[in-house]
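Chemist: One structure is given below, represented as structure tokens, and several questions about it will come after.
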Amino acid sequence: MKLVFMGTPDFSVPILDSLIEAGHQVICVYSQPPRPAGRGHKEQLTPVHAFAHERGIPVRTPKSLKPAEAQAEFAALEADVAVVAAYGLILPQAVLDAPRLGCLNVHASLLPRWRGAAPIQRAILAGDAETGITIMQMDAGLDTGAMLSRESILLAPDTTAPWLHDMLAAMGARMIVETLARLEDDEPPAATPQPAEGVTYAHKLAKEEGLLDWRRNAVELDRKVRALNPWPGVWFEMAGERIKVLEAAVTPGSGAPGTVLDDQLTIACGKFALRPLKVQRAGKAPMTASEMLRGHAIPKGTVLG
């Protein structure tokens, strides 16, 4: 098929790669504009832009698709279909209608649960037992289109966002190729409207969500550690220093929230206790909590912020 791909982050790259490997003619890639990043604030291409550039595929990076000129340029591509995966821009109706078969979205949740920007992290934060991928026919709403394909994956008590990200990207890459094959064979999958019940929204992650509130249940805080690394990261304050928690475990224990209960940095929470296992001090490399404690003791009874 002659298709346009629209995507931006690392999640989208395996999906684009699978379309190329399946023999589809990717005539153009749309991605978000380069943005300053790193200490030098040099402009960096998005992961999808960089990948497409390496493959010699033309890339367009409009700031918006609302201008009539941008919509006309898109329509002039005369694509059979557009595949969208974590693109990050709103598609006006004129864009949705331009490809012969419309626009298909690869979304990292079991819709209608977790519509929106951060479905992978929100599923872990909520303690969901499962999540998955939905392939949908896009409409003008926010992830409200009819579902063409849906597959689930179980979430374990130790599932992390990076692991789930990679699993779902691979699942989405396989599923979109299968969906397009059925469309090519004139055996389109049934378009199932999303149910009205069970709608939730995966709001964009905010930096302040990473602060550990010891008044909460340790189970919730462990979910934060697993969901919010590497970004925005999870941390607590100690003597004015921000210490990141990269891995942790829930343990039995009780005390005033934020109190260090032993020499292993077990910290009392609103319910149960949390023991950081891997941490990172400001300007330092990641280390085990025991390594940090050898050089920077945190006595039992210390109350952390």
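Each residue, glycine too, has its Cβ placed from N, Cα and C.
Features from Swiss-Prot:
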| type | residues | note |
| --- | --- | --- |
| BINDING | Ser109, Leu110, Leu111, Pro112 | (6S)-5,6,7,8-tetrahydrofolate binding site |
Chemist: Taking each of the binding-site residues Leu110, Leu111 in turn and counting other Cβ atoms within 10 Å of its Cβ, which one has the fewest?
Modeler: Leu110
Chemist: Excluding Ser109, Leu110, Leu111, Pro112, please set out which residues of the same chain place their CB within 8 Å of the center of the CB atoms of the (6S)-5,6,7,8-tetrahydrofolate site, keeping sequence order.
Modeler: His107, Arg113, Trp114, Arg115, Pro119, Gly132, Thr134, Asp143, Arg150, Gln194, Gly198
Chemist: Relative to the Cβ of Ser109 ((6S)-5,6,7,8-tetrahydrofolate binding site), which residues of the same chain, six or more apart in sequence, are found under 8 Å away?
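Modeler: Set apart from Ser109 ((6S)-5,6,7,8-tetrahydrofolate binding site) by at least 6 residues yet with Cβ under 8 Å, we have Arg115, Pro119, Ile120, Ala123, Thr131, Gly132, Ile133, Thr134, Ala202.
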